[in-house]
């Protein structure tokens with residue numbers, strides 16, 4: 001029992017509730033929001049040290065023992081994601097100080113960001129499948145509000161589609177939980193794992209597993225990404241960057257958890273379906289990223305490609321590939337947010353999303369330009385930068401397990417990523433300078449600080465592989481051995 | 001055109017108190033009988049809503065000068081604080097403490113910290129229902 005495990009959920013929740021009380025005092029709101037994220041990050045790092053020393057930390061809420069009460073489980077995988085999501089949220093928060101209009105700021109904007117992080121951290125830390133659903137809803141309700149806050153026409157149109165698709169997938173989630181409960185009679189993930197292993201995952205449970213796969217694929221834009229490009233380009237930059245960094249990644253986390261902890265007995269069926277979905281996602285995402293000439297569309301399709309690539313790790317189901325996938329997941333959360341923020345700054349300067357209508361920005365904004373350049377090289381996976389190590393390990397895994405086709409698609413999709421981001425860089429920053437300082441719509445004043453923060457994290461992930469890797473490898477080895485998780489939650493068998 | 005609402009208004013003045021009393025009963029019955037914070041809160045909201053229906057929004061706003069959005073936040077904080085108290089007392093988060101207390105008129109009473117938790121839920125439900133209805137109702 002360790003009460004610190006609840007703090008990454010309680011701190012943003014309490015802060016959000018407090019912020020509702022005084023929406024007009026914007027400076028205090030900003031200060032409290034930043035302090036809350038720093039506190040969460042501190043507790044998560046502290047927990048990570050504890051997990052390193054004493055093994056997986058759990059908290060039985062209300063003192064009820066594991067299969068009967070709700071249990072929160074902090075293992076290395078979830079803590080790494082909690083820390084990363086806090087860094088991402090902090091970056092978006094500081095970015096929004098300058099870029100969000102005061103009408104939005106005064107209408108509970110910061111409170112809803114806190115509630116979004118409550119849901120995200122809760123999803124990462126919970127050890128109960130119904131509780132996972134509840135935290136998904138906490139996160140989604142906050143994201144509905146953030147998506148439509150401001151009430152622009154395109155926000156409302158994208159909001160309707162986003163809300164509809166998520167309501168349908170949440171309803172399917174409930175149905176799947178009901179099926180699973182009817183078959184196994186438990187909702188605790190560790191206990192589910194034991195029960196499913198005892199039954200040997202017969203066809204019925206495999207069918208339920210596929211239903212879960214469809215649900216989390218919709219949430220994480222794996223193959224079912226139709227809703228993503230439009231809804232991620234509707235809200236202001238700070239919000240869409242937050243969504244790009246966090247929301248789909250929570251779905252990916254759920255896929256990882258479900259298919260390493262509970263449904264790992266029939267990899268011939270479930271994991272090969274995942275492999276097909278990953279391959280198709282990368283191909284379709286690459287087509288989208290290459291096809292469009294609109295900054296936000298290109299970046300949105302890059303999210304889709306990355307999701308396909310991360311999921312290879314689970315499709316291959318081998319320790320090296322899983323390590324690589326976790327490493328790439330963490331890197332992608334940071335870098336995708338960074339790219340959205342930089343893209344948003346470019347769009348703000350020119351006042352248009354179309355690549356054709358911008359050029360030569362490097363003259364007035366060299367720092368912005370080179371940051372975009374480094375970020376896109378990190379995304380592609382050029383060696384000293386952060387994307388390289390993850391991609392290398394994933395590819396090593398595909399080769400060792402003879403998933404050659406997936407490996408080749410992964411490599412080719414990297415080319416598509418490179419082409420699409422360089423298209424933005426070359427169109428936007430090279431060429432004739434069309435805009436003088438006076439013609440620019442907004443300034444980049446204050447926007448580059450959070451981007452610098454995120455790029456430092458990305459560089460650290462790339463150059464400091466030696467420091468980060470032990471944690472990532474520990475997370476992957478825990479995922480490959482569900483017995484560790486089960487023993488931490490249910491006690492020695 | 002102003003219609004004469006005398007009948008509706010007189011009945012409302014009596015019935016509102018009945019509904020309110022019943023909602024409080026449901027709120028406290030929750031531990032051993034059907035009821036609890038959610039249904040109690042909805043019923044209180046319906047009592048207040050009846051007032052808004054029978055009279056106009058402005059005069060009820062003058063009579064019940066609450067900022068319902070703040071009540072949502074206060075309810076959340078009460079529930080969360082109830083959960084956090086046990087953290088400072090050395091127990092796990094959301095631990096429940098209970099005690100039998102002899103209260104004069106009522107005799108032996110079973111008091112638990114589940115009640116303040118439910119009170120938070122009650123406040124959130126009442127306030128959310130009214131915020132939704134009033135926000136839609138006031139939209140000219």
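Keep in mind that glycine also has a Cβ here, set from the backbone N, Cα and C atoms.
The transmembrane segment annotation in TrEMBL covers B:7-29 (among others).
Per TrEMBL, domain 'Na+/H+ antiporter MnhB subunit-related protein' is recorded for B:8-130.
Among the features that TrEMBL reports, transmembrane segment is placed at B:35-55 (among others).
Residues annotated as transmembrane segment in TrEMBL: B:67-89 (among others). Sequence-distant contacts of the transmembrane segment (B:67-89), counting only residues of its own chain at least 6 positions beyond either end whose CB sits under 8 Å from a CB of the stretch, comprise 95-97, 113, 116-117, 119-128, 130-131, 134.
Look at TrEMBL and you will find B:119-137 (among others) tagged as transmembrane segment. Residues 27, 36-38, 40-42, 44-46, 48-49, 52, 57, 66, 68-69, 71-72, 74-80, 82 of the same chain lie 6 or more positions beyond the ends of the transmembrane segment (B:119-137) yet place their CB under 8 Å from a CB of it.
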Mind checking which residues of the chain, 6+ beyond the ends of the transmembrane segment (B:35-55), have their Cβ under 8 Å from one of its Cβ atoms?
-> 5, 8-9, 12, 15-16, 19-20, 22-29, 63-64, 117-126, 129-130, 133-134, 137
Along the domain 'Na+/H+ antiporter MnhB subunit-related protein' (B:8-130), what average pLDDT does this model show?
-> 90
